[in-house]
Amino acid sequence: MHTVIEAPINAISTNKDASQVVVAGRNVFRVFSIEDDAFVERCNLRVGKNLNLNFSAADVTWNPVEDHLLASAATNGAVVTWNLNKPSRSKQELVFNEHKRTVNRVCFHSTEANLLLSGSQDGFMKLFDLRKKEVNCTFSGQSESVRDVQFCPHHYFQFAAAYENGNLQLWDLRRPDKWEKMFTAHSGPAFTLDWHPDDKNWIASAGRDRSIKIWEISHKPRLLHTVQTIASVARVKWRPSRKYHISSCSLLVDHNVNVWDIRRPYIPFASFEEHRDVVTGIMWKNDPYVFLSGSKDCTVYQHMFKDAVRPADRANPIGIDTNVNGDLGLAFSDKLLVAGKSQTGSSMLPHFFRSKGPDRSEQFTMASSSAVIFESVDKSTGLEWFIECATRYQLSGKSVEDLCDHNAAVAGSLNKHQVAQTWRILKLLYGGNTATPCPPRTVSVIGSPAVGEAHKAESEKVNLKQQLDGHLVQDHNRSTHTDGENKDTGDTSTAVSEDESDAESSLSLTNIASGQVNQQGDFFFGDGELETFDYPVTMANMDSMQDWTLPTEAIPLRHEIQDRLDSPDPLQNATDSPSSANESEFSSQAFGNAENATPMYNLQAIPFASQNPPWEFSHLVCDMLEYFAEQGDVQTSVSVLIILGNKMKTPVEDQKQEQWFMAYLELLTRFRLWGIANEVIKLSSHRAVASLNQQSTTVHTNCNKCFKPLTRAGWLCDRCKALTSTCSICHLPVKGLFAWCQGCSHGGHLEHLREWLMTHKHCPTGCGHICEYT
């Protein structure tokens, strides 16, 4: 059942028998009668010729003794009383303008109808006597704004107040100059409070810190229960006749009215989801199953408990989590262990034979559960490797090659083979000097027998010297003769002297092993490839060349022989390159008459100036770092970033770097590796990360007598005026380093204790403990 109002609602209140409800807001002030199936309007208080801010209410309350008296708190600081029995159209009776700022709450005394209490933003609370039509007394909490005030229903002279700074104060009406008790209830503003209707020593409070707290105030205030909510709490109201049930509504975000069982504070006992905007007021009728609520969505609802949503029924009965060591914790409902458990009643029996269970509205979902902790048998799934890598990795102090070698060895010893291989590759990419560019390569061309002297003259100009990795590669000039005989082949052959033949025959296996080329092996041809030719081949115009030396570390791949070159070359105009027309004639001369003539073919080495551009691999390293980060191994990504520094030409985005560093630092702090975390911060080149350890850290100590935090000075308590941390020898306060014995806890100035223990063994206080200075 609900009704729609023309304006948002700020507060609601009911009369003593809950048969009527008053609805107040900035532009609405009406009284409704609560019928069986509808709200019926009885009176509109916002009428008259001069409608001012006195008709705009921030709060409203109904007198619990007299049904015709109402009080409202105006936004202009006025406290207004209303008399519904007045015969005139306007029901406004008294207006008190004692407050200088907005009044947040008004409250009538539970048994004295003429006493009205108000709390304002100006920090004052005022008690009005309606018979005198004036302020009876003023209470100053010497604090910030008053958010809520409530008379205690069990003590005639007691009331409580909630403040903007999170404090709660208990007052006695007979002593307006000083509060009776004060304690800090919330870390932020305390917005609301409510006395327990049955237990006189219980009081509930709530505030911006998204928590509802239950306090026991019989002696020293003591926290009994805490209920965590998802948003700031605006109002709390105890459920009548239910000791452990309390209802709440939120100031923002959450539009539901939740009823909590303080014994199970992590999930609401019941939830009402009818409103579409924040709820501003809750009022229970004299029935624990019915209550009213008003909201900013301009509606007033009457809720029945049978219509409530039970979040516990839809909650997951299984919970799982892991700790930093990789251990797995599992909590699950015991119902999952019992399969096919028989129910209380059988659906096959008539309803009058079934056993009647407890009322569902009074019973929380029973959640008997078990908790199990599993430890990993396979050590590879644990996180010991993370601690080992963090403690054994070296990030500075050596060259990049040494750091990569060391870290690769550490990762390999922990079976992190992929990480180890990554460190080795980084060493090859970034370690040492850059490789020298490759010299121009050469292309071999076989000439025809018709080259003649013109070909020789041109080929003498060709430079066969090649510089590979800084070594001069040369080859011996030698000729191959058919059937072991030296024959004169005319212009197309090259005569070889006897001395040269003797020098060639002196090549031994030693020269071959040292990298020189033998007769059968050639720089341009593999071993045995020359044997496939049926005609002799000689190297022309190479008599003056020195021996060639092949590099011992590697043999470059042979370039493919090209028939035609794009660039102009003297060989293209020579007559030794047969055309397609006389190709058959060339074949018959070269191969068909092998018995009569032994034609020689010249092998020319032509420079081929082709130099590869430098390899840009920085983007691959960035992709590798992102891969490790996505796999959860931010340790490797951060360590590589620190070691490489500005060597990476393609840097990683600053936002990603900050995320990786922050994640790695969080993991280090979880494992309490404070020193390593500080080293990572110092070595980081990211500005936001490097400034983390530059921020000051202050830890306030407490007084050893009254336990008050020492915020102004660390050696003097402002409350009890006692000197703390005095030296056991000179009895003066220690303002610098304080050293103490871990056995007797006595201490003092470091130098004084050092001098004392050099000549004495016992504690200077005379406690008898044998202290030792190490």
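Start at 1 and count along the chain as shown; that gives each residue its number.
Every residue gets a Cβ built from N, Cα and C, even glycine.
Remote same-chain partners of the repeat 'WD' (96-138), defined as residues 6 or more beyond its termini with a Cβ less than 8 Å from a stretch Cβ, comprise 58-66, 69, 71-81, 144-153, 156, 159, 161, 171, 173, 176. According to TrEMBL, the repeat 'WD' annotation covers 96-138 (among others).
Helix, strand and coil residue tallies for the repeat 'WD' (183-218), in that order: 0 helix, 20 strand, 16 coil [DSSP]. The feature repeat 'WD' is assigned by TrEMBL to 183-218 (among others).
Annotation comment: TrEMBL describes 475-507 (among others) as region 'Disordered'.
The annotation compositional bias 'Basic and acidic residues' is assigned in TrEMBL to 475-490.
Per TrEMBL, the feature region 'Disordered' maps to 565-587 (among others).
Taken from TrEMBL, the feature compositional bias 'Low complexity' applies to 577-587.
Here TrEMBL flags 723-772 as domain 'WDR59/RTC1-like RING zinc finger'. Summed and averaged per residue, pLDDT over the domain 'WDR59/RTC1-like RING zinc finger' (723-772) gives 87.
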Discussion item. What does the DSSP secondary structure composition of the domain 'WDR59/RTC1-like RING zinc finger' (723-772) look like, as residue counts for helix, strand and coil?
Written reply: 10 helix, 11 strand, 29 coil
